[in-house]
Amino acid sequence: MGSLLSRLGLECGRKAVKEEERHLRANDRELNLSYKYSDNAIKTSKYNIFTFLPLNLFEQFQRLANAYFLFLLCLQSIPEVSSLPWYTTVVPLVLVLSMTMAKDGSDDMNRHRCDKQVNNRQVEVLVEGELQSEKWMDVQVGDIVKLENNQFVTADLLLLSSSEPLNLVYIETAELDGETNLKVKQALTVTGKLEDSVEKLANFNGEVRCEPPNNRLDKFTGTLTLKGETYSLDNERILLRGCTLRNTQWCFGLVIFGGPDTKLMQNCGRTTFKRTSIDRLMNVLVLSIFGFLMIMCLILAIGNGIWEYQEGSKFAAFLPKGVNAPFSAFLTFWSYVIILNTVVPISLYVSVEIIRLGNSFYINWDRKMYYPKNDTPAEARTTTLNEELGQIKYIFSDKTGTLTQNVMTFNKCSINGKAYGELLDFSGQRVEINEKTEKVDFSWNNLADPKFCFHDNSLVEVVREGNPEVQAFFRLLSLCHTVMPEEKKEGELYYQAQSPDEGALVTAARNFGFVFRSRTPESITVVEMGELVTYELLAVLDFNNVRKRMSVIVRSPEGKLTLYCKGADTIIFERLNPSCSNLTEVTTLHLNEFAGEGLRTLALAYKDIDPEYMEDWKLRHHVANTAMDEREEKLDALYEEIEKGLLLLGSTAVEDKLQDGVPQTIEQLSKADIKIWVLTGDKQETAENIGYSCNMLREEMNEVFIVSANTSEEVRKELQRKMTPDGTEEPTVKKSRSGLFCLQKTETVADEPVNGEYAMVINGHSLAFALEKDMEIELLRTACMCQTVICCRVTPLQKAQVVELVKKYKQAVTLAIGDGANDVSMIKAAHIGVGISGQEGMQAVLSSDYSFAQFRYLQRLLLVHGRWSYLRMCKFLRYFFYKNFTFTFVHFWYGFFCGFSAQTVFDEWFITLFNLVYTALPVLSLSLFDQDVNDWWSFQYPQLYTPGQLNQYFSKRAFVYTVLHSGYSSLVLFFIPWAAMYDTVRDDGKEIVDYQSFALLAQTCLLIAVSIQLGLDTHYWTAMNQFFLWGSLSVYFAVIFTMYSNGMFLTLTSSFPFIGTARNSLNQPNVWLTMLLTSVLCVLPVVAYRFLRILLWPTINDKVRGRGYKVRQDKVLPPTPRRVQARRTSTRRSGYAFSHAQGYGDLVTSGKFLRRTPKSRPALFSQTDSPLAQTHIVGYSHNTCLIFLYSFCCCDCCF
């Protein structure tokens, strides 16, 4: 049962006893099955064929209104109580439940299809001594599987052997950590001897004991016992599900974790039922309305008891059972519960679902969110969260593939004091480079990469002229790296780099005539300006996070020894020869310019080495490299010794190319008072660079402080920053209650004023301490006082924890956006999850609520679709409650004039059709088509978004104002017609004071009044609005003349008793004058209030609409200011990220990367250039409407 419930997404443990340690034996299914480990099938869907109906109904009846109408249905089945037929409730209720059920079922069917597609993938499994093709879902723990090149890893595997030398495999981990650079894994030597022998693999019976399933991607501990010997296992031996095998012909692995136990699925989080803040508010309001309804019914029931006691006794002789006042009051109470139930009609929820569905279609159909390059439209994968998009306060974004294209480009460089990469016109002014700018012609180089793009021809000229410094510069780039080359056929080179940075630099050297061709453990072969040159590789001084540089020592064919070094400029400058001081100053200026543009910079230097010194150094290096104690320290000392007295060559500037429009999007969202936090698995320097490129980090900020401590106390100390002189020592936490019956306790960390602008960068290690219970509030306080927060080196679980922290203590609406499987837990944790359909697979998209192809579309999703959806939903709710409370209050007042007998004031057909026909389509047209301003003005004034964050359009206060407005209107709509009809006679002298004439007048006045109110609330008139509004009024008059005709009365006398009422009443002038009077009195306070508010206290919406109206009158749009990218000049330079982990220098020189036999390796990626986004300004055009209505239909928070 526990397993079943866990598969249904409920919080129930899969096993009764928590797994402490995993024990398995290879090729022994009987033993492994006895432990009842999970198989390899995954399940992300919520329902199955048996649980769909009960679970879905359970979720739907969590909505109080649905439960309330079920209760009403039970009441209406009692004849003594029911004053309306039972089908008036059951039909709308079934309709609502069915529509929601169909939508939920469709969503879950899509999840089932995705699960089925993954579970039915084929893989070769060793079964009873033979390799058989099995479905992924049939793979069991302890099985041995065979993977081939470009296949996904089936489960979490212990690598046994591979086709590569020394049992290496190359894997791509984009689905796990978002990084597309290749990683290297290596099998144990003892298992590598199994090779691809099926016989040896079938006889392998090693036992593995390891940690239980967990979500730590970077750690694995276990042991392998084989033939009495025990071998240590770590993360370097494990292939995780979600990875892709690259450049490896085949490999064999032992299944350790399957299906839901894999680290990928452990990081995916639970599928939760998301509801909007308006849904939660509606639950509270429905409960309040129910209490208010009970009070009204109690008042009327008491009135009935008093009336029956005082007046009903006079009629006792005519009643068979006499008069029982208490029992009559009891029955009247429940009768009024049925009659007055229109305060929350079931049609409200039908309409809400239709509105949400319609606004979802707008997102799907929006051509401005369509990405033609990949043929990817925007997709609303859920229809229940649209209005929440208009209330976002915090955005949590991944970096790689979300903000960036994950494509590095070599943009600029400085060589021997001269900068290259910029274009100047004849007057010496900088020319802006765009797609139309002429590119450098590399046709002279047969081995050039045709996709490489550069615009400064002067650099090619000096290279071809044989400038020694420039050639030495590119020679260094072609030699100093750990890139692996692949040549499918002559001249077609593909580089496999640990990081895109290195790939970009080696590709640049290739295009400028220094082509890295091949390598062995002892040599590097380069084509230098058409000549093949082989260098002897003597040593690789590898990169790590402390050194922040790497070097190679090579011997040229002439016997010359040279050390080439590249690294962070601050590190390189410390090791330069004093003779380079002048060149260093010039290069520093260039570096500042490059950093000002957000480019990733790197300094290059070299030195010639004396052969005798080199021999002595090699001996000492060998001793240090084989030492058992303090090996790393001894090697670092040797590296430090030889990397001194360097001669500066220049610097490079590489752009981690942002997606189009990212800085502008972030700027727009910031103006809308949306805070953006970047949560990335990349290293600190990389994250900071992107922060500056996106204008999230700026030099004018008071401070960008780094939190990178290694202990809890140090982290606490670094978090306790003084950003305001009046700040308190401890965070201010406000405690309150919310939810139904105020049972939910909430704690809110109050916002504090800040003097200046600050930003915080925190790494994953420090974040682990900061997220502890005793420090999380301090973290949140400090982070919320900063303009920008960047969390780097974070795990997928930490991303979700940060989101949960903000949700818990800020009571704000959150949005998470990412493109990889490492973002799934964050996407599921946030109120809104957005998936980018990019280069890192579809895991994020499949788990998201909305998806599109580019980050820049987020501003349109929020500032246009989100704001409109929220505005429309709030208008709909305010108007719906207004018209229905007005409708119900008229019944309430009539109770005092009908002896509290539960008689309806309106015709039963009017009661039935009021919400379904007469007012349904006009309010739907308002909720589907209305716009306060168009999309262009929404972008011009992002501040229009802030009212949604503050819940100004619909809240408990706005609801109270709506009820008061309805109370006033109902008094007018009941007592004015009552007074007008009292003792009134026709023109011919016949008396017309009867119930039917009064009911007709009252209901007509009501319909006209609510229609005028709808017109006042409409900002954007369309043909559909006009048609539905006037059409509904026309239908009303057509219906009453038809139903009140002689023919209908003669056909069904009991159902149509209002014979002749319409033609007898509506031909009287006083009836029409009464309609006019009630309409004016209902509208007058609204118009007066809105006029005074616009005149005295205009909101930003009023100001923007007023300006938009003036612009439309002049038929001229204000000019769009031309954006010029600001150049940042700073002493801070972007740090260069060599890779996301320690380099593979030892591996390069060991020969382990070589193949046993030459095989062709397919290209890892096909890089394409991204076209610039085309932005079109769309004019804002209303249909013809009166200026009077325009001026006064601006209410946003009250009537």
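Heads up, the Cβ atoms here are built off N, Cα and C, so glycines get one too.
What TrEMBL lists as active site, 4-aspartylphosphate intermediate is D398. TrEMBL lists D398, T400, D819, D823 with the feature Mg(2+) binding site. Under the heading ATP binding site, TrEMBL lists D398, K399, T400, E502, F543, K566, R600, T680, G681, D682, R793, K799, N822, D823. The domain 'P-type ATPase N-terminal' annotation in TrEMBL covers 25-90. Look at TrEMBL and you will find 845-1099 tagged as domain 'P-type ATPase C-terminal'. The feature transmembrane segment is assigned by TrEMBL to 284-307, 327-350, 876-897, 909-929, 958-978, 998-1016, 1028-1051, 1071-1092.
Counting Cβ atoms from all protein chains shown, D398 (active site, 4-aspartylphosphate intermediate) has 29 others lying within 10 Å of its own Cβ. Sparsest Cβ environment among the binding-site residues T400, N822 (other Cβ atoms counted within 10 Å): T400. Sequence-distant contacts of the transmembrane segment (998-1016) (same chain, at least 6 residues past either end, Cβ-Cβ under 8 Å): 879, 882-883, 886-887, 890, 905-907, 910, 914, 918-919, 922-923, 926, 969, 972-974, 976-978, 980-981, 1029, 1032-1033, 1036, 1040, 1044, 1058, 1061-1062, 1065-1066, 1071, 1074-1075, 1078-1079, 1082-1083, 1086-1087, 1090, 1189, 1192-1193, 1195. Ranking the binding-site residues D819, D823 by the number of CB atoms within 10 A of their own CB puts D823 at the top. Residue density at F543 (ATP binding site): 27 other Cβ atoms are found within 10 A of its Cβ, drawing on all protein chains shown. The Cβ neighbour count for R600 (ATP binding site), using a 10 Å radius and every protein chain shown, is 25. Non-local neighbours of the transmembrane segment (876-897) in the same chain are 278, 282, 296, 300, 303, 336, 339-340, 342-345, 348, 351-352, 355, 903-906, 914-915, 919, 923, 926-927, 953-954, 958-959, 962-963, 965-967, 969-971, 973-975, 978, 1002, 1006, 1009-1010, 1013-1014, 1017, 1199; each lies 6+ residues outside the stretch with a CB under 8 Å from one of its CB atoms. Per DSSP, the domain 'P-type ATPase N-terminal' (25-90) is made up of 32 helix, 1 strand, 33 coil. In this structure the alpha carbons, written CA, of R793 (ATP binding site) and the residue listed as 'active site, 4-aspartylphosphate intermediate' are 11 Å apart. Residues 63, 65-66, 68-69, 72, 75-76, 78, 80-84, 89, 92-93, 95-96, 99, 286, 289-290, 292-294, 296-298, 300-302, 304-305, 308, 312, 880-881, 884-885, 887-888, 891-892, 895, 900-902, 904, 911, 914-916, 920 of the same chain sit 6 or more residues outside the transmembrane segment (327-350) yet have a Cβ under 8 Å from a Cβ within it. If you take every residue in the domain 'P-type ATPase N-terminal' (25-90) and average the pLDDT, you get 82. Cβ neighbour count for R793 (ATP binding site): 21 (other Cβ atoms within 10 Å of its Cβ, all protein chains included). Cα separation, D819 (Mg(2+) binding site) to D398 (active site, 4-aspartylphosphate intermediate), rounded: 8 Å. Distances between the Cα of F543 (ATP binding site) and those of the recorded positions D398, T400, D823 are shortest for T400. Separation of the C-alpha atoms of G681 (ATP binding site) and D398 (active site, 4-aspartylphosphate intermediate): 8 Å, rounded to the nearest whole number. Below 8 angstroms of C-beta separation, residues 84, 88, 92, 342, 345, 347, 351, 354-355, 358-359, 872-873, 875-876, 879-880, 883-884, 887, 999, 1003, 1007, 1010-1011, 1014, 1017-1018, 1020, 1022, 1024-1025, 1028-1029, 1031-1032, 1035-1036, 1039-1040, 1043, 1056 of the same chain, each at least six residues beyond the ends of the transmembrane segment (909-929), sit close to that stretch.
Of all the Cβ atoms in the protein chains shown, 29 others lie within 10 Å of the Cβ of G681 (ATP binding site). Each residue contributes its Cα atom, and for D398 (active site, 4-aspartylphosphate intermediate) and R600 (ATP binding site) these two points are 19 Å apart. For the pair formed by N822 (ATP binding site) and T400 (Mg(2+) binding site), distance between Cα atoms is given as 11 Å, rounded to the nearest Å. When the alpha carbons of T400 (Mg(2+) binding site) and R600 (ATP binding site) are compared, the span between them is 15 angstrom.
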